[in-house]
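> When I checked TrEMBL for this same protein, it listed these features:
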- 40-127: domain 'Pyrroline-5-carboxylate reductase catalytic N-terminal' (DOMAIN)
- 271-415: domain 'Ferric oxidoreductase' (DOMAIN)
- 224-242: transmembrane segment (TRANSMEM)
- 262-290: transmembrane segment (TRANSMEM)
- 315-336: transmembrane segment (TRANSMEM)
- 369-389: transmembrane segment (TRANSMEM)
- 401-422: transmembrane segment (TRANSMEM)
- 442-464: transmembrane segment (TRANSMEM)
């Protein structure tokens, strides 16, 4: 059964501004203009989501009628422009009905099946994780089985009540939609547009199970990077504990367990940040080496490398997080009482030794360069983290984004390497630094970054860079596609990079 589009509005601009809660009928200029004859929309349910949905619909120019089992009790919670009445009275004129109730309450509408015949039912419900695993069919499919004469559409389940009230600027704009009725799907898509969101066609109603699983996922793309960061944190913390706390206790009888909360953590965080940053650019080096070996870009990477490439953004953000924590911990080091005691003890030793000053020129320069490089590295990492935000990334073209994430990212890696080398200075060659025959921590962290920097330098050699550029432009070894690069060097540099 075909329906005429419900929405006939003129959008002055996208609806980004929050609604005025106490005057929801007034348009603030960013919402759809109210037409002379506002289209009617029904809502079955009177919960928090139903109230937020009614607020958004009224502010978007719709005439809203709410069906409730107890309209007198719930009328005061809805916008004044929304009509709150009994369920059977709310189904008269609206062609689109939002079913904002839990799955177990769907059967309460079965007595109204005659009034619902031919209407569009928009299922906005979300199952719990246990319900999702328990039921083989989605809530939307179950609703469609109860009302076969209706057109059921799954939509708005990924949008929170807060986003509906505050506007799409404070939440995700995308609204996945699926239905077996193309006309009903188109009608709801137009409503989504009028409310300031972006509809995403997910296909037929069988996709509703996947759509309902979206809100149940807890940071799915962060699981592997988080476990990786946690594993590195545990490893380096244990390594630093053995060297800085356990070794003095066993070998010299000194109790330095007070270092565990701050000093050992502050020594661990830069190691984790540095290794994570190097792991962001290592898969690109491996991918380039694999393309050079294969002589083509049209063969898929191994699954582990493909997944690694897809997690680079999360790994980079975790690297920035650890680096920022390291900076905060470093500022807090002089505030510790143990540090004050060390200063007093040093001053007493200086007086007893009758030394006028303890100025060491080399150490002063080392620390000045070390701190300066650390600040520059953290600043570059901050720029990388900011440009990874969708709102910033969308304002950049591909060349600008690639320059920041690839070129400046490699600069951040080089600065971090210099920062680490300046910290180590000549300590790697002092026998006293090898406690329990374990090398200093910074020497371990330098292994992967130095390999990456060396590989990047090798890829800049004309024999390798020329071949890699040809491969990335479609050339294949022993294949049908063979050509020479243009003589214009600037054009060759525009080739996309892994």
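From the backbone N, Cα and C atoms, a Cβ is placed for every residue, glycine too.
A TrEMBL annotation is a machine prediction, not a hand-curated record.
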> With DSSP, how much of the domain 'Pyrroline-5-carboxylate reductase catalytic N-terminal' (40-127) is helix, how much strand and how much coil, in residues?
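The breakdown for the domain 'Pyrroline-5-carboxylate reductase catalytic N-terminal' (40-127) reads 33 helix, 23 strand, 32 coil.
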> Would you kindly list the residues that approach the transmembrane segment (315-336) from elsewhere in its chain, counting only those six or more residues past its ends and only Cβ-Cβ distances under 8 Å?
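Distant Cβ neighbours of the transmembrane segment (315-336) are 225-226, 228-229, 233, 262-263, 265-266, 269-270, 272-274, 276-277, 279-280, 374, 377-378, 381-382, 384-385, 388, 409.
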> Where, among 224-242, 262-290, 401-422, do we find the most CB pairs under 8 A to the transmembrane segment (442-464)?
262-290
> Where else in the chain does the transmembrane segment (224-242) make close Cβ contacts, counting only residues six or more beyond its ends and a cut-off under 8 Å?
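For the transmembrane segment (224-242), the sequence-distant neighbours (Cβ-Cβ under 8 Å, at least 6 residues beyond its ends) are 260, 264-265, 267-268, 271-272, 275-276, 279, 307, 311, 314-315, 318, 322, 435-436, 438, 441, 444.
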> How do the residues of the domain 'Ferric oxidoreductase' (271-415) split into helix, strand and coil according to DSSP?
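The breakdown for the domain 'Ferric oxidoreductase' (271-415) reads 121 helix, 0 strand, 24 coil.
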